[in-house]
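The annotation site 'Transition state stabilizer' is assigned in Swiss-Prot to Arg13, Lys20 on the grounds of sequence analysis. Annotation source Swiss-Prot lists site 'Positions MEP for the nucleophilic attack' at Arg152, Lys208.
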Amino acid sequence: MYLLIPAAGVGKRMGCDRNKLLLEVRSQPIIAWTLLAAQAASEISWIGIISQPTDWPDFKSILANLQLTKPVEFILGGSTRQESVYNGLQALPTAAEQVLIHDGARCLATPNLLNSCAQAIRHCSGLIAAVPVKDTIKVVDEDGIIQNTPDRRNLWAAQTPQGFNVELLKQCHAEGVRQGWEVTDDAALFEKCGIEVQIVEGEETNLKVTTPQDLAIAEFILNSRDNS
């Protein structure tokens with residue numbers, strides 16, 4: 001299975017002016033933990049890191065330390081996640097029929113989750129890892145006034161990996177460019193094009209490291225795995 005890792009973001013909410021994936025959790029950069037999970041996932045055979053060239057020297061140094069056995073390629077990132085993934089799709093080997101897309105900042109996803117998504121995408125056109133929402137969600141207007149309360153039983157929190165048929169996803173991205181759609185994940189492009197996206201049960205610990213608090217939580221989770 002082919003894996004694309006969007007890794008081009010700057011950690012503004014992290015309070016830093018460089019790529020947040022270079023910040024460390026337990027003496028390893030965030031991106032290193034993501035790559036180690038991909039290395040350990042038996043279904044993953046190829047990894048594409050979508051990032052800015054200014055980060056490539058640091059990423060290459062990390063790769064040298066990790067000594068991964070799977071092929072890794074660097075792909076030029078865009079100005080948005082959507083544009084970055086589009087670039088990643090164009091860089092896939094021609095043999096790629098399905099692809100997984102996994103946020104570099106979701107460094108706690110386990111090899112088992114990557115494998116489950118890789119196996120499931122062979123039997124559908126699109127999928128996302130997701131978990132049921134536990135909190136009650138309120139829809140509010142621009143003045144902060146509650147408008148309605150959706151039924152929590154129908155709400156799932158989207159995660160990554162997200163998996164897709166490569167040709168269909170390329171078509172959806174092309175349509176998104178034509179229509180001027182701006183989306184925050186690839187499943188939304190499938191939805192806008194009327195293509196079904198299935199759910200694969202995600203992991204409660206599969207958080208996206210975005211804030212300093214997330215760094216502390218990630219360290220706690222990694223420590224707990226060592227002690228289990």
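Along the chain as shown, residues are numbered 1 onward.
Every residue gets a Cβ built from N, Cα and C, even glycine.
Known features from Swiss-Prot, placed on the structure.
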residue	record	Cβ within 10 Å
Lys20	site 'Transition state stabilizer'	24
Arg152	site 'Positions MEP for the nucleophilic attack'	13
Lys208	site 'Positions MEP for the nucleophilic attack'	16
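The two recorded residues Lys208 (site 'Positions MEP for the nucleophilic attack') and Lys20 (site 'Transition state stabilizer') have their Cα atoms spaced 11 Å from each other.
For the pair Arg152 (site 'Positions MEP for the nucleophilic attack') and Lys20 (site 'Transition state stabilizer'), the Cα-Cα distance reads 32 Å.
DSSP classifies Lys20 (site 'Transition state stabilizer') as helix under the three-state reduction.
DSSP assigns Arg152 (site 'Positions MEP for the nucleophilic attack') to a helix.
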